[in-house]
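TrEMBL has this to say about the protein:
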COMPBIAS  548-558  compositional bias 'Basic residues'
COMPBIAS  560-581  compositional bias 'Basic and acidic residues'
COMPBIAS  626-635  compositional bias 'Polar residues'
COMPBIAS  653-669  compositional bias 'Basic residues'
DOMAIN    527-584  domain 'Signal recognition particle SRP72 subunit RNA-binding'
REGION    535-669  region 'Disordered'
REPEAT    222-255  repeat 'TPR'
Amino acid sequence: MASGGVAVASLWTEVNRCGQNGDYTRALKALSKILHETRDDVTALQCKIVCLVQNGSFKEALNVMNTHSKVLGSEVVFEKAYCEYRLNRVESALKTIESAPDQTDKLKELYGQVLYRLERYDECRTVYTDLIRNSQDEYEEERKTNLAAVVAAMSQWEKAPMEDLGLPESTYELCYNTACALIGQGQLTEAFNKLRQAEELCRVSLAEDSDVTEEDIESELAVIHSQMAYIMQLEGRSDEALQLYNQVIKLKPSDVGLLAVTANNIITINKDQNVFDSKKKVKLTNAEGVEHKLAKKQLQAIEFNKALLAMYTNQADQCRKLASSLQSQNPGHPRPVLIQAAQLCREKQHSKAVELLQQFSEQNPESASGIKLTMAQLYLVQGHVTKACDVLRSIEEFKYKAGMVSALVTMYSHEEDIDSAIDVFKQAIEYYQAEQPGSAAHLALVREAANFKLKHGRKKEAISDLEQLWKKNTNDVHTLAQLISAYSLVDTDKAKSLSKHLPSADTMSFNLDVDELENSHGATYVRKKAGKVVGENLPKEPGQGEVKKKKKKKKGKLPKNYDPKATPDPERWLPMKERSYYRGKKKGKKKEQIGKGTQGATTGASAELDASKTASSPPMSPRPGSVTSSSTAPSGGSVIPPRQQKPSSSGATRKKAPQKKKKGSKGGW
């Protein structure tokens, strides 16, 4: 026993020395020997658990704690919760922490991390605020960084307003988290400036360490650059954003969450273009451990984009499979159903798409607004305008919006359903009369309703609207004139009484100088001529037209053989061929004209076949519908049909283009 006790003591000395040196592997060997001697030694078990945690063997450490739970009791609650947290068993870690008899500071720190992973941001903020208030140690800066991360997450994912918690911006992590919170509030310019500040602080802090290389600095800056690119993308600077995203991808950072988000954002820029690049990038979103690095909304967006990419690449089955999976995971979310409807539309199945959307809108009335807008669009694509109007009028959320009223009136007008269009105006005006009487939106609707009724000849119906407008503004002469015009068809006495309110002609005159107006710089078609002053060359006033001298008409030249005594030919204005006495060209004996006919024709053969050369042949007049042309007909007067080429081996007839006549050659064209 004495020798055994000496051996155990030496083993503890070895454990102590290895712990100080950080050699946890050798320490584990010594502890295994100690536990072989004393199996239930609590101190040895605790040391073994710590060594396993330091080596990253969380599962083995958890097995040791579960095996010796009776012996260890609540001594290793923190270690157990930490192992469960590192093994992504977040719910189990939460239960372990909540079951602890004493909530120590280190347990509270871990509790805050667990709540953040579970996206319970309100409780997490309370935990970190309490820790910062009640503790003073070297970890204060880390706690403030974590609190800033919680505020940023609340701003981005819950759209909560930013709170000024008085956190400093002394480190690049704090600046980065502040920028993320500003992005959630839509303050993109301020967020971009904060990211610039974070980049500078990061470079300065890392440059002080001589062991850090430029590659290490760029790798650390990758998350900042990716967030900068996201802001550029939101601002519509897609080309700059894409360039910066690709730089981050080339660095191959070790953070799989950063890679997944960057790749996803590149896919959103590509849309339905450059799908080959998108298919490569989507592989980065499937890396192991991504689901533990990103928020639920980020993972959801990535899955939606996978389904859309499958649709764009014509993978219909894959698209339907992904969309159905998304719908089962998010039963009330409209986007999976919209993706399925879009896929059906690509397959020209618009009716099925409408049925699918109709079913979803009935089951989920809280998400029906966007779905019904899509249904209306599909009805319009099919040409069912009235059905589209019925769907739009069923959306209570947008029913009385100015844009919705305008769209409905336009569509009803297209269908020539003026009564329904007027009914839309009536309902909207009644709504604003009850909710916002006399507001700008109310009066604008009344004005548009009156103009619409007047445009379509419904003057009687426009009277009430015009009266309402005129009572609001009795100085509106235009409305008064419209009202008088409308009353002239219904009640002439009322029209006459209202006409008394019209301003007199004197009050409506603008005291304009007509001459000055005509001579102004913008006057056109000025007819006034400047007076001529003898002996003076006055400068021309702007706008005055110059007096053009009339040109003397020259007498027309008479032909050389003109005889004033002879009666002029009454048909002299007609072309020679159309005159009654025209008998065609005389066919005298001429030299044979070589090369004047169709290519390949001979003059001799043409002369023998020419019937006009015989004495007994009467002159022929052109038949109705025939075409005569002296430039293309052969020199004998006959019309030879063009020769057809033999069909080629492919079966198609090819035409031979006419060749240009060479200078000095005979024959041909």
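Every residue gets a Cβ built from N, Cα and C, even glycine.
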The average per-residue pLDDT within the domain 'Signal recognition particle SRP72 subunit RNA-binding' (527-584) comes out at 68
Using DSSP, tally how many residues of the compositional bias 'Basic and acidic residues' (560-581) sit in helix, strand and coil. 3 helix, 0 strand, 19 coil
For the repeat 'TPR' (222-255), the DSSP helix/strand/coil residue counts are 27 helix, 0 strand, 7 coil
